Amino acid sequence: MASLRRVKVLLVLNLIAVAGFVLFLAKCRPIAVRSGDAFHEIRPRAEVANLSAHSASPIQDAVLKRLSLLEDIVYRQLNGLSKSLGLIEGYGGRGKGGLPATLSPAEEEKAKGPHEKYGYNSYLSEKISLDRSIPDYRPTKCKELKYSKDLPQISIIFIFVNEALSVILRSVHSAVNHTPTHLLKEIILVDDNSDEEELKVPLEEYVHKRYPGLVKVVRNQKREGLIRARIEGWKVATGQVTGFFDAHVEFTAGWAEPVLSRIQENRKRVILPSIDNIKQDNFEVQRYENSAHGYSWELWCMYISPPKDWWDAGDPSLPIRTPAMIGCSFVVNRKFFGEIGLLDPGMDVYGGENIELGIKVWLCGGSMEVLPCSRVAHIERKKKPYNSNIGFYTKRNALRVAEVWMDDYKSHVYIAWNLPLENPGIDIGDVSERRALRKSLKCKNFQWYLDHVYPEMRRYNNTVAYGELRNNKAKDVCLDQGPLENHTAILYPCHGWGPQLARYTKEGFLHLGALGTTTLLPDTRCLVDNSKSRLPQLLDCDKVKSSLYKRWNFIQNGAIMNKGTGRCLEVENRGLAGIDLILRSCTGQRWTIKNSIK
């Protein structure tokens with residue numbers, strides 16, 4: 001501490017001296033100042049010293065030499081902070097420029113345990129500089145755009161729980177290095193009750209010494225989950241704009257200005273930087289194509305193709321309308337985020353909140369878009385920190401979204417999860433406050449959202465019954481889509497997941513398989529009797545020439561009979577050879593389907 005204070009005193013004294021020289025020079029002769037915002041770019045320290053070769057006077061040369069000396073002193077002091085943690089700062093080394101980093105065979109052996117623990121190669125991460133640069137994958141036009149100097153300031157919020165220290169600090173360094181100083185209000189680190197000791201005192205001491213006054217650390221007293229942890233970060237933010245990021249990202253140069261400019265134009269826009277991938281094994285940065293963010297009816301997020309009007313415009317730098325968000329990064333006006341109810345605090349852990357925000361923003365007067373001119377690279381981990389029964393939490397959260405925002409289309413979420421509409425067996429908590437919020441904001445209905453924001457989403461309003469289909473002669477097995485390439489339905493021990501999701505429609509079609517997502521991707525297939533084979537086929541409904549061959553008569557606890565052939569779907573017991581699913585003349589076998597829609 002004493003040595004650090006001496007450095008600070010020395011720095012202040014020298015800066016005063018330098019300021020005197022600069023004022024003296026300013027009065028003696030004009031000094032050309034570079035325009036633009038290059039001051040916030042990362043530069044090798046030697047670059048300042050090299051400018052002395054172009055000095056116009058011995059006095060200016062002395063000033064530049066003094067600045068170079070000061071920079072060396074400060075750099076050595078700050079770099080010592082990272083060295084004490086076993087980490088690296090600077091501009092070279094492994095993984096520079098987003099290239100794949102490697103380990104020796106001996107190091108590879110040491111890396112196995114940490115890799116399994118974190119879901120990425122944390123041992124390798126410690127060998128990569130906190131300041132490394134990554135590729136600039138922005139469209140060419142983006143690099144030519146100019147932005148106002150009077151943009152709003154941003155508070156960058158990182159959420160972490162038991163993350164590798166090197167990965168967190170690289171996220172912080174990258175944010176500082178690639179966000180203009182006058183636009184970066186603060187960085188907020190929200191620790192969702194981590195167990196790792198290095199994420200406590202060592203982390204706090206480092207960020208407060210390395211970036212004094214810039215970084216706040218918020219500690220949750222119990223594990224809240226990503227959703228509520230982000231809300232805690234928002235509560236302490238003071239910037240006009242808040243950016244929420246996973247704590248395993250790296251920023252591309254120029255990422256902030258286009259985001260803040262779009263929000264300055266319209267405070268009700270939620271902006272998503274385009275996402276690139278950091279490979280979890282070697283930290284290579286891999287470009288992802290420009291995409292919108294959509295979701296399935298289970299409310300699992302996914303990348304989808306940008307809308308047709310974006311493609312028709314022929315300009316890859318334009319914003320991309322998106323129905324929802326993947327969730328690893330989003331930026332929003334702080335007040336607007338509060339006005340629309342933040343994220344749903346009644347949700348647990350994570351999953352579904354990203355879909356809820358997209359739906360809510362669009363229905364309640366805002367918009368959401370992906371910006372190709374702003375890019376953030378993100379590690380897709382093999383292992384998640386909140387991995388205890390995450391499927392249950394996602395299901396529960398999805399039902400909250402359905403009950404509050406989806407009107408009659410809420411049935412699609414229940415169908416996708418194979419749950420009854422009434423008494424699904426999951427306590428989703430009280431949603432009255434979220435419904436009251438929707439009413440107070442005078443939000444549109446979900447039909448409008450599907451028609452205008454997510455028209456690509458497949459709809460299944462014609463469903464009358466769904467779930468596992470069981471035969472009274474073989475109750476332990478269910479109708480199953482079997483291997484996709486065989487195009488034949490089979491019987492398989494009941495498990496209730498997607499391959500066994502049967503859906504009977506008003507038209508008499510019998511679909512089998514998980515619900516489809518967008519019209520650009522395959523839909524669930526139809527059960528077909530082609531009149532020739534004893535085996536029931538699963539085919540693309542639109543490609544079946546005879547409508548009758550894909551229509552079935554079925555009532556609960558009754559036969560399933562094809563309208564075109566009159567044959568029934570039945571099971572045949574072949575003794576030790578097993579049970580087959582076949583088509584034949586009806587013998588009175590009966591089928592039951594798990595759920596119905598009244």
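Each Cβ is built from the backbone N, Cα and C atoms, and glycine gets one as well.
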* According to Swiss-Prot, Asp192, Arg381, Tyr386 bind substrate; which of Arg170, Arg219, Arg223, Arg230 is also listed for that site? -> Arg223
* Which single residue out of His115, His378, His412 does Swiss-Prot record at the Mn(2+) site shared with Asp246, His248? -> His378
* Where Swiss-Prot places N-linked glycosylation site when the choices are Asn177, Asn486 -> Asn486
* To do: On the DSSP side of things, how many residues of the region 'Catalytic subdomain A' (151-262) fall into helix, strand and coil, could you say?
  => 48 helix, 29 strand, 35 coil
* Structure fact -> DSSP says Cys364 (disulfide bond), in three-state terms, is coil
* Where does His378 (Mn(2+) binding site) sit in the DSSP three-state scheme? -> strand
* If you measure every Cα to Cα distance among Asp192, Arg223, Arg381, Tyr386, the residues said to bind substrate, what is the biggest one in Å? -> 20
* Asked: About how far apart, in whole Å, are the alpha carbons (Cα) of Cys142 (disulfide bond) and Tyr386 (substrate binding site)?
  -> 37
* To do: Using a 10 Å cut-off, grab the number of neighbouring Cβ atoms around the Cβ of Cys443 (disulfide bond), all chains included.
  => 20
* What is the separation, in Å, between the Cα atoms of His378 (Mn(2+) binding site) and Cys478 (disulfide bond)? -> 41
* Asked: Reported in the order helix, strand, coil, what are the DSSP residue counts of the domain 'Ricin B-type lectin' (465-594)?
  -> 16 helix, 57 strand, 57 coil
